[in-house]
Each structure stands twice: as structure tokens, then as C-alpha cells.
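Written out below as C-alpha cells is the structure these notes cover.
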Amino acid sequence: MGSVLGLCSMASWIPCLCGSAPCLLCRCCPSGNNSTVTRLIYALFLLVGVCVACVMLIPGMEEQLNKIPGFCENEKGVVPCNILVGYKAVYRLCFGLAMFYLLLSLLMIKVKSSSDPRAAVHNGFWFFKFAAAIAIIIGAFFIPEGTFTTVWFYVGMAGAFCFILIQLVLLIDFAHSWNESWVEKMEEGNSRCWYAALLSATALNYLLSLVAIVLFFVYYTHPASCSENKAFISVNMLLCVGASVMSILPKIQESQPRSGLLQSSVITVYTMYLTWSAMTNEPETNCNPSLLSIIGYNTTSTVPKEGQSVQWWHAQGIIGLILFLLCVFYSSIRTSNNSQVNKLTLTSDESTLIEDGGARSDGSLEDGDDVHRAVDNERDGVTYSYSFFHFMLFLASLYIMMTLTNWYRYEPSREMKSQWTAVWVKISSSWIGIVLYVWTLVAPLVLTNRDFD
């Protein structure tokens, strides 16, 4: 009897795994909107890929695989274990993930509502999609080496640059939303408490930035030949000061009363992170001390020599992973009623936007049904661009690939080396980020015929 009930329970998941029905949720979870649940599932799948890539970079993993009798090729096995671990494995895994999301992005172009047959592929058929993704990843491991790694390094660098820009847009949106929320609460009541919270958060961000600048000058500008680092730190510091001053100018405050120093402080902290991340990729090791060497635990170079494995757990890599996770999940759960996010996701037709808030009661969720389903809230129009969402995850896959391999390039001498290209990609992205933020401040003054509310 128990087995029959178990089979019936499993059968209830078949529409989720193999059909276009809204995905079933676990009983402990509240019913949610299909638009949010779908994005979270895709983001979680990408997170699983990140975890697998991290496992592939664990030191000694190849040695452990070699211990499996008959598994590795060098023991007359069938699997070349040297390509299952290390940076090459990360490149191939991320190549498979990137191709999976790119194919979905191309397939979902111009989907306007969930009534489009292609929307069924986006919101359902999970078993087949993930099976296809795994097949693509496995196939990537059979790609001949040739110039694959070199070409994919440059593709990954370009994609990671684009994803950093998306991170910046999401960060600007988050900063504006954060400030707007706290200002509203301050105006509604208990103004002293919320004003203190707003002031404390702003001061903390600027304090962290100031401490970072001091540490940068102390540890990343010596010897005297580290002129590039001095220029990077000085220029970005001046740009952040200029953006902060601009955010509180009377003209800016008049056109955008809720712009302020909180948003500027968030952008300043992120700019300092990008500056630090860029300096850690400098080929000149004297200007690029590791965090462990700074705090006195290690005096070795951050660039691995011949025979050494890539250490993906460098501090800047860990922070990059954390920011990646926050941005991906923020973009997945962000409600669609924010105009800046709508512009980012290319959902320009405001009349088709549906609020991502409460569940619809149009029969999608039957009363008294104790099975929790994701409610289809996109019958009248999508809440986000399916195509752009997948394209963003495509770029995220490339960003993860570059982050886990520390933006190193594999040389014919079998060494992993930092490249000035990676330095300039990160520094230029920090400058573009400040320009984007300044544009959000001055746009209402320049484009007076447009509504920026």
C-alpha cells in the first residue's frame, strides 16, 4: 500500500519534470509565482555547476581519482583524469553551462506571454532540459585541446566583463531601492531611528572604502615601480569623491529628491573592490602581494609556478563568488515593478508587465488543494525577458569560469600567468560603473522630456 502511495506521489511530479505545467513546490514552501520559481530553479542549477567546478579545483583531486582501480587512463582505464580536474575541467564545465543558457536565450527571443509554446519549454520540461545540459557538459570534455583553451579564455574575459557591468546595474538598482525604502519608512514614522540607520549604513560604507584605500597605498604601491597601482587607486578615489559630491548637489536633489550618499557609498565600496581585484591580477608579483602574505601567514607569490595548481580560494575570488550569487539571486527574486530592472531585462512594453507580488486567484491554484504549485502569473504578459535572463546566466557562467581560475591564462610553458588584459578589464569596468551611476543622477536633467520616476 505504501509503495502505491509513493508511486502516486511521484506521479504528481511528472507534469513538473516532463510537461509544461507549473512546477510543484514542496509542502513546506508557500505557493509562489511561476515567474519567480522558474528563475530560482535556473539559478540553483547554475549554483550546482559552480559547486562541481569548485570540487574540480580541489588540490589532490586527480591523485584521488588515480586511486580508483581501472578508472583513469594512465592505469589502463577509460577516463583521462587529467582533464577532469584543474582549470581545463572548469573551462569545459563552464563551456557546457554557457552553451546551455545561450541556446535557451536564442530559443526564447520575443516570447511575450506564457501562452507562447516556447514558454512551456522555459517553465517546464525540467528533466529533459537538465539532461540536455548534462549531455552538453559531458560533450565539452571531448573537445580536442588545440586552441580551445586560448580562444575560450578571451571569450570568457569578454563575457565576464559584460557580467560585471550587469552586476553594476543591479547594484545601482539595489542601492536606489534600499535608499528609497528607508527614506519612506523615515517619512512615515520613527524618523530618528531610520535616519540613524541610514546614516550608519552610509558611514560604514565610506569607512570601509577609506580603510581599503589606505591599505591599497600601504601594500600595493611599493616598490616605486608600481606606478600603475598608484594611478588606479588615485583615479578611482577621485571619481568616487566626485560622484558622491554630485549626488547631493542642489540641482540633482531637485530632480531626484531621494538620491543621496547611501547609493554613492555602495558604489564606492564596489569600486574599491574592483580596484583591489584588478591589482591582484597584475603580472608583476612585487606589486601584487597575496592577502595571506599581507597578514603574515604566507610570503609566496599569488601566481602559481610550474607544477602548482590554481588556488581558486583567493580572497578576491571568494568575494567575487559571493557577489555573483547575490546578483544572480537578486535578479531572480526581484519584482518586476521596478523600471530600472525592466530596462535591464529589455521588458520595454510597460502595459504587459505583471506584478510579481501576490498569487493570482484565477483558477491556477485550486481552493483547498494542499499541493503547492507555482501559479502562472504571465498569461497576459511576461514579467521579465526570458531571452535576456538566459543570456545573463550565459554571461554569469563565463564570469564564474574566469573567477575560479583567477583570470589566469595558461601558457605553453605549462604555467598559469596573470595578464594585463584582466587588469584593464576590471579597472575599465569600475570606471564604466561610476559613469553609469553618474548618468542615473544627471539623466533627469538632460532628458527633461522623459519620466524617470
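Using the three backbone atoms N, Cα and C, a Cβ is placed for every residue, glycine included.
Under the heading N-myristoyl glycine, Swiss-Prot lists Gly2, citing experimental evidence as support.
Per Swiss-Prot, the feature topological domain 'Cytoplasmic' maps to 2-39 (among others); the stated evidence is sequence analysis.
As annotated by Swiss-Prot, transmembrane segment applies to 40-60 (among others).
Per Swiss-Prot, topological domain 'Lumenal' is recorded for 61-88 (among others), and the stated evidence type is sequence analysis.
Sequence-distant contacts of the transmembrane segment (89-109), counting only residues of its own chain at least 6 positions beyond either end whose CB sits under 8 Å from a CB of the stretch, comprise 42, 46, 49, 52-53, 56-57, 83, 118, 121-122, 129, 132-133, 136-141, 143, 148-149, 152-153, 156, 159, 386-388, 390-391, 393-394, 397-398, 400-401, 404-405. Residues or ranges marked as transmembrane segment in Swiss-Prot (evidence: sequence analysis): 89-109 (among others).
Per-residue pLDDT, averaged over the topological domain 'Cytoplasmic' (110-123), rounds to 80. Feature annotation from Swiss-Prot assigns topological domain 'Cytoplasmic' to 110-123 (among others); the stated evidence is sequence analysis.
For 124-144 (among others), the entry in Swiss-Prot reads transmembrane segment, with the evidence type sequence analysis.
Among the features that Swiss-Prot reports, topological domain 'Lumenal' is placed at 145-151 (among others), with the record citing sequence analysis.
Counting only same-chain residues 6+ beyond the ends of the transmembrane segment (152-172), those with a CB under 8 A from a CB of the stretch are 91, 94-95, 98, 263, 266-267, 270, 274, 323-324, 327, 330-331, 340-341, 344, 392, 394-399, 401-403, 407, 409-410, 421-422, 425-426, 428-429, 432-433, 436-437, 440. The annotation transmembrane segment is assigned in Swiss-Prot to 152-172 (among others) on the grounds of sequence analysis.
The topological domain 'Cytoplasmic' annotation in Swiss-Prot covers 173-197 (among others) and is backed by sequence analysis.
Swiss-Prot lists 198-218 (among others) with the feature transmembrane segment.
For 219-231 (among others), the entry in Swiss-Prot reads topological domain 'Lumenal', with the evidence type sequence analysis.
Per Swiss-Prot, the feature transmembrane segment maps to 232-252 (among others). Long-range neighbours of the transmembrane segment (232-252) within the same chain, counting only residues 6 or more positions beyond its ends whose Cβ lies under 8 Å from a Cβ of the stretch, are 209, 213, 216-217, 220-221, 259-261, 263-265, 267-268, 271-272, 275, 278-279, 427, 430-431, 434, 437-438, 441-442, 445.
Residue counts for the topological domain 'Cytoplasmic' (253-259) under DSSP, helix first, then strand, then coil, are 3 helix, 0 strand, 4 coil. What Swiss-Prot lists as topological domain 'Cytoplasmic' is 253-259 (among others).
The feature transmembrane segment is assigned by Swiss-Prot to 260-280 (among others), with sequence analysis given as support.
Per Swiss-Prot, topological domain 'Lumenal' is recorded for 281-309 (among others), and the stated evidence type is sequence analysis.
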Long-range neighbours of the transmembrane segment (260-280), counting only residues six or more past its ends (CB under 8 A): 164, 168, 171-172, 174-176, 178-179, 182-183, 198, 201-202, 205-206, 208-209, 212-213, 216, 220, 229, 232-233, 236, 239-240, 243-244, 247-248, 287-288, 290, 302, 314, 316, 319-320, 323, 422-424, 426-427, 429-430, 433-434, 437
Secondary structure tally of the topological domain 'Lumenal' (219-231) (DSSP, helix then strand then coil): 6 helix, 0 strand, 7 coil
